[in-house]
Amino acid sequence: MGKTADLTAVQKAIIDTLKREGKTQKEISERIGCSQSAVSRHLSGKSVGRKKSVAKNRCTTRRGDRTLRKIVEKDRFQTLGDLRKQCTESGVETSRATVHRRVLLNQKQRQKRLTWATEKQHWTVAQWSKVLFSDESKFCMSFGNQGARVWRKTGEKEMPKCLKSSVKYPQSVMVWGAMSAAGVGPLCFIKGRVNAASYQEILQHFMLPSAEKLYGDEDFVFFSTTWHLLTVPKTTGKWFTDHGITVLNWPANSPDLNPIENLWDIVKRKLREARPNTLDELKATIEASWASITPQQCHRLIASMPRRIEAVISAKGFPTKY
């Protein structure tokens with residue numbers, strides 16, 4: 001990384017902060033992992049003044065957003081391409097990415113994502129490596145759970161327009177898993193609905209062994225998208241306190257900020273290739289696919305966290321490519 005242009009916005013901010021603290025260019029370069037010349041060029045570039053960034057024009061007008069919402073409400077099961085085509089036919093020129101951003105997140109959710117990302121923008125890869133990420137995912141017998149997408153917001157799950165009839169329910173399993181920069185932990189196949197009591201059982205018998213495998217005696221921070229949504233979150237919060245575990249807060253509707261989502265995608269791709277015929281085969285394929293994930297794959301995903309944070313900030317809280 002020799003050129004100033006190669007520095008990310010986060011690295012540039014860290015350089016400025018360390019310089020104000022009186023650090024030398026050599027100390028700064030060693031701290032953020034770039035060449036000393038890159039630090040020098042950034043600092044000299046700032047001293048002579050840089051061109052002010054020009055605010056990017058909004059891709060759609062408020063009227064265009066209303067048109068898009070009306071199109072979505074007519075048929076919640078349209079593909080992204082169909083939505084964009086109808087927008088164009090209605091006189092709203094926009095990209096697939098813009099359609100995706102406008103449909104899925106409201107202003108309050110975007111602001112929470114932006115606030116969270118801003119708070120974490122100076123975290124290093126080493127700090128993210130201390131985080132044990134966890135999540136749940138549903139796997140169906142229909143080769144990877146690739147059903148029709150429905151465009152809906154929070155609270156619209158049971159609306160008739162958001163429901164689609166099917167001939168029968170395919171056999172499926174719900175799985176809990178955890179990962180860190182060092183690899184993956186053991187999987188838990190969940191039976192029935194998850195409440196505070198059953199979730200604490202998962203934590204006791206699967207999260208703690210995952211932490212022991214991936215961190216040993218070292219401290220770690222737990223990342224979960226589930227525990228604060230339980231009907232009795234206070235008891236689960238006490239469980240974390242009693243076990244001396246710090247929990248990282250998380251903005252809702254942010255799968256792009258949880259790298260374990262990428263691992264679920266890997267497993268689902270392998271399911272489509274294997275095409276299991278029974279529930280036992282489905283479970284066996286999931287376990288084999290999960291076990292095949294390497295520590296190198298996990299480390300690359302954790303190393304992407306600073307870029308994910310930067311992408312959310314650049315997108316002002318909207319969904320990102322991750």
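Glycine too: its Cβ is placed from the backbone N, Cα and C atoms.
What you see is a predicted model, and the numbers here were worked out from it, not measured in a lab.
Taken from TrEMBL as is:
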COMPBIAS  48-60  compositional bias 'Basic residues'
DOMAIN    14-47  domain 'HTH cro/C1-type'
REGION    41-60  region 'Disordered'
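Secondary structure of the domain 'HTH cro/C1-type' (14-47) per DSSP (helix as H, G, I; strand as E, B; remaining residues coil): 27 helix, 0 strand, 7 coil.
On the 0 to 100 pLDDT scale, the domain 'HTH cro/C1-type' (14-47) averages 80 in this prediction.
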